Amino acid sequence: MLKGTEVLTTAQMRAIESAAMASGQVTGLDLMERAGRAVADQIRLRWPKAGRATVLCGPGNNGGDGYVVARLLHRAGWQVRVLGMDNTPGPDAAEMKRQWQMIGGIAPLTERELRNGPESDACVDAIFGTGLTRAPEGEIAAILAHLGGSGGRDHRPCVVSVDCPSGMCMDSGAMLGQPRTGGGFAPHARLTVAFDSPKPGHLIGLGPVLCGALVVADIGLQSWRERTLDGPGQRPVRLQAIWPGFDIPDQRFRSPTATLGKHSVSGSHKYSHGHALVLAGGPAKGGAARLSARAALRIGAGLVTVGPSREALHEHSGPPDALMRLAIDDAGGLCDLLADKRINAVCIGPGCGIGRAADLLADLLRARRATVLDADVLTALSRNADLMAGLHGDCVLTPHMGEFARLFPDLAERLEETPTQGPAWSKLDAAREAAARCGAVVLLKGPDTVIAHPDGRARIHSAFDVPWLATAGAGDVLAGMITGLLARGLTPLDAASLGTLIHARAARLFGPGLIADDLPDIVPQVLRALQKFQSSSSVATALPMT
Ligand SMILES: NC(=O)C1=CN([C@@H]2O[C@H](COP(=O)(O)OP(=O)(O)OC[C@H]3O[C@@H](n4cnc5c(N)ncnc54)[C@H](OP(=O)(O)O)[C@@H]3O)[C@@H](O)[C@H]2O)[C@H](O)CC1
Ligand SMILES: [K+]
């Protein structure tokens, strides 16, 4: 089965660590040794020939991991220099520090010492991890700035981060004390080795850019996750990364990709895969809705109808012929059409026009169909509290940050603030709060997309490697994909998650030079790859092909 990856908060991580140590079956020293070994192994994998390493050890257990890394690299023939603090760390870190001191010295952890020392192949950042609570200051801030290139980009050492780039809040991906949009000097790691599971900060905010290649090392805590967080088997996973694979243990669909093959026990006919309606706008505004409609067709909706105003109908006469067209002049015409219950998913917003969207939305929401709200209708929503109150659990809102700020100005303002305390307010918190407030799934778009359900479940999809996806109409295509998946019967959270995954994979496949028109026709290739991955990686579980 394609598997998503459960994402844990730093508080959950600490709870699991404590439970593991309290069990007496594993000690903090064991965990520290395993963590340090995971980092050292990853370094040796990337630098097979022993080189020179500088290890920066902070005041706590992250620093303790660093002392383990130093010892293991030294044992593998590396020339190791350690910069550390003269504090008394906790017992585990103190023991690892003592073991290092039997091998080598510890220079003061100062920017001057770092800058004036010998060049190294790798600089191991073991200053702060999950214990960062406030913005770094003084010498440590100067060191982090040096790691971030304050001395000039070409003086930026090759950083390997232990658990996370120091100074980064692992729950939000923000650098404490720095603007959220970056611009300050922060350690840009070549590689980050995290432990047990990714944290939100590895996947949202500045995290994906600062972490570089992310490796999540298993240090033997899985079983305590089962016990401490009563395991994924017993509870819905609250936070999941849609990466690299994808799985939604949803009652109706054991794995949504299994439903994408249009294999149906009850005979595969068009109505068994739903009927999507895309509400289009007036004259000369039809392109966006046609992108959405084409995407809904390509992702497998059984039927797709585009519904412009009468005076714009003639503009929708072009291909694809599979697309049905029907003039919808007003709310009355929409209600007449929705009398056909087979229309089970609607997309409103792309190219619809703000006024028209506002006129149609109230009746559309009363019809309680699975509905994707994007673009113009989000502006209409932000101007009308009654419409907002009409949202329901089968709605998916797909705002970008600008639209989100119009819909939830107070939440967006908090995201503008420079964070000084950890855990900092994050895009994940904002999306969850918005979903709970409006009672609908909120997909907050960006290279780090967060999808939040009103009940608190959320998914994160990071796609920082496809900047060309930020092109006119790409949002219209995403809205259409999600509508098509809703028509196929996926739940709003699953449809939004899978649509996001397929949307990014299509863009990745196409590459630079992409325009939104290219995206829908790449979907079949992405679906084939997902199915191949699913069939090759799935255990032989006979999935009900519905
Ligand atoms: N995840 C696991 O299973 C394992 C994780 N390990 C490693 O342990 C760290 C977490 O260690 P911890 O000691 O809790 O915290 P840190 O090492 O990240 O931070 C050390 C202390 O630094 C102080 N602090 C916080 N912010 C600042 C700041 N801005 N300036 C100065 N000092 C700061 C804080 O103490 P205070 O009392 O001063 O608040 C921190 O306690 C984890 O990331 C892993 O690397 C285990 O070793 C292996 C298993
Ligand atoms: K670190």
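Keep in mind that glycine also has a Cβ here, set from the backbone N, Cα and C atoms.
Here TrEMBL flags 13-227 as domain 'YjeF N-terminal'.
Under the heading (6S)-NADPHX binding site, TrEMBL lists 61-65, 129-135, ASP163, ALA288, GLY351, HIS400, ASP476. Around the Cβ of GLY64 ((6S)-NADPHX binding site), 32 further Cβ atoms fall within 10 Å across all displayed protein chains.
Around ASP125 (K(+) binding site), the same-chain residues six or more apart in sequence whose CB sits under 8 Å from its CB are LEU56, LEU147, VAL159, VAL160, SER161, VAL162, PRO165, SER166, PRO187, ALA189, listed in sequence order. The K(+) binding site feature in TrEMBL is assigned to ASN62, ASP125, SER166.
According to TrEMBL, the domain 'YjeF C-terminal' annotation covers 253-530.
Residues annotated as AMP binding site in TrEMBL: LYS445, GLY446, PRO447, ASP448, THR449, GLY475. Other Cβ atoms within 10 Å of the Cβ of PRO447 (AMP binding site) number 17 in total over all chains.
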Top Cα neighbour of PRO447 (AMP binding site) in the set of binding-site residues ASN61, GLY64, HIS400: HIS400
Sequence-ordered binding-site residues from ASP125, THR133, ASP448, THR449 with Cβ under 6 Å of an atom of ligand 2: ASP125
Nearest recorded site to LYS445 (AMP binding site) by CA-CA distance, among binding-site residues ASN62, THR130, THR133, HIS400: HIS400
THR449 (AMP binding site) as reference: those binding-site residues from ASN62, GLY64, THR130, ASP163, HIS400 with C-alpha within 10 Å of it: HIS400
Residue among binding-site residues ASN62, GLY446, ASP448 with Cα closest to the Cα of ASP163 ((6S)-NADPHX binding site): ASN62
Pairwise Cα distance for GLY475 (AMP binding site)/HIS400 ((6S)-NADPHX binding site) [Å, integer]: 9
Coarse DSSP state, helix versus strand versus coil, of LYS445 (AMP binding site): coil
Residues among the binding-site residues GLY64, LYS445, THR449 that border ligand 1 - Cβ under 6 angstroms, in sequence order: GLY64
